[in-house]
Amino acid sequence: MGKGGSLSEGVIRKILLSYTYVAIWIFLSFTVIVYNKYILDKKMYNWPFPISLTMIHMSFCASLAFVLVRVFKLVEPVTMSRDLYISSVVPIGALYSLSLWLSNSAYIYLSVSFIQMLKALMPVAVYSIGVSLKKESFKTDTMVNMVSISIGVAIAAYGEARFDTWGVILQLGAVAFEATRLVLIQILLTSKGITLNPITSLYYVAPCCLAFLFVPWIFVEYPILRDSSSFHFDFLIFGTNSLCAFALNLAVFLLCWKTSALTMNVAGVVKDWLLIAFSWSVIKDTVTPINLFGYGLAFLGVAYYNHSKLQALKAKEAQKKTALADEEANRLLEDREGEGIGKRNESQN
C-alpha cells in the first residue's frame, strides 16, 4: 500500500490501542470496586474492616512503588524538600487516607449501584470547594448545573430500596475529602510546578496514608482483630486485591498519558453504568426506576459539566497557540527589520 495506506494503518493501530487502554482501565476499576465490596460485605467474604483493608493496599502500593523508583529506577523521583513534603504532601495524604477509609466503609452498608450514584456528586463537591478556596470562579450557569446534579442524586437516594443513613454519610464524607484533596493538589503541588504520576504519587503519599490510618486502626479495628481467633490472613485474597489496586493506578496513568481527558470521562461513564448493571444482575442489588431516573438526571448534569470543562480547556489551549504564533510573528518581523537596518548601514558606509 502507498503512503496513504500506511497512514490509515497507523490511525487504526492508535484507535485500537486507545480502546485497549480504556478496556484495561474499566476492567481494573470494575474489579477493584467489586472485589472490595466482596471482601467487606457481611453477606459475602465477611471481613468488615475497611481501615485494615486500606492499610494493606497502602503497604503493598508503597512497597512496590519504592522498588520501582529506588531499586529498578523505572521512574525518576521528584525533587522534594522536607518542608515541601510536610506542607504539601502530608495534608494530601491525610485527606486521601480519610477518603479511602470512608469510601471502603460505605461498601458495608450500601449497594455498589447506589454508591456509584452518590459519586456523581463529585463535580459538585470539587466546584464548591474550588469556589470557596478561590481556585474556581463562581458562575451562575455552572451553579445551576451543580444544583441539577444534586437534585438527580437526591431523587436516586429517595428511590433507593436499601437506603442506609450511616452509609450515605460515610460516602458523602468520602466524596468531600476526595474533592478537597483534588483541589489541594492544584493549590499545593501543581501551582508549584510539581507533577506526580501514579507511581511517584504512591511513593510519596502511600507511606503518609499508612501513618494516618494507623492511629484510628489501633483504637477501632486492632482490638477486634486481636481478640478474634477465627481470622487468618488470606494471602491469595488480599494479595490479588492489592495487586489490582496497584495495577489500577498504573492504568490511570496509562489512560491519561495515551488518550485524552474526554476519553477518560467517557470511560468513567461506561464503567459506572456497567457497575450498576452488574450490581443489579449478578449481586442482585435492587435498582428501582426512581433510582435510574435520578441518576440519569445527575448523569446529564455531569456530562454537561465535563463538556464545559473540556471546551474551556480547548479555548485556553487555542489562546496559548495564538499568543505563541503572534509572538513568533513579532520576533520574525523584528529580525527582518533588524536585517533591513543593518543592510542600510552597510550601504551608507
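Each Cβ is built from the backbone N, Cα and C atoms, and glycine gets one as well.
Summarising the annotation, TrEMBL assigns transmembrane segment to 16-35, 47-72, 84-102, 108-130, 165-189, 201-220, 235-257, 264-283, 289-306. What TrEMBL lists as domain 'Sugar phosphate transporter' is 20-306.
The transmembrane segment (84-102) is in contact with the transmembrane segment (47-72), judged by 3+ CB-CB distances under 8 Å for residue pairs 6 or more apart in sequence. Relative to the transmembrane segment (235-257), the listed stretch 16-35 leads the set 16-35, 108-130, 165-189, 289-306 in CB pairs under 8 A. Taking residue pairs at least 6 apart in sequence, the transmembrane segment (201-220) and the transmembrane segment (47-72) share three or more C-beta contacts under 8 angstroms.
Against the transmembrane segment (108-130), stretch 289-306 shows more Cβ pairs under 8 Å than any other of 16-35, 201-220, 289-306. Most Cβ pairs under 8 Å to the transmembrane segment (264-283), among the stretches 16-35, 201-220, 289-306, belong to 16-35. Counting same-chain residues at least six beyond the ends of the transmembrane segment (289-306), those with a Cβ under 8 angstroms from any Cβ of the stretch are 113-114, 116-117, 120-121, 123, 127, 142, 145-146, 148-160, 262, 265, 269, 272, 276.
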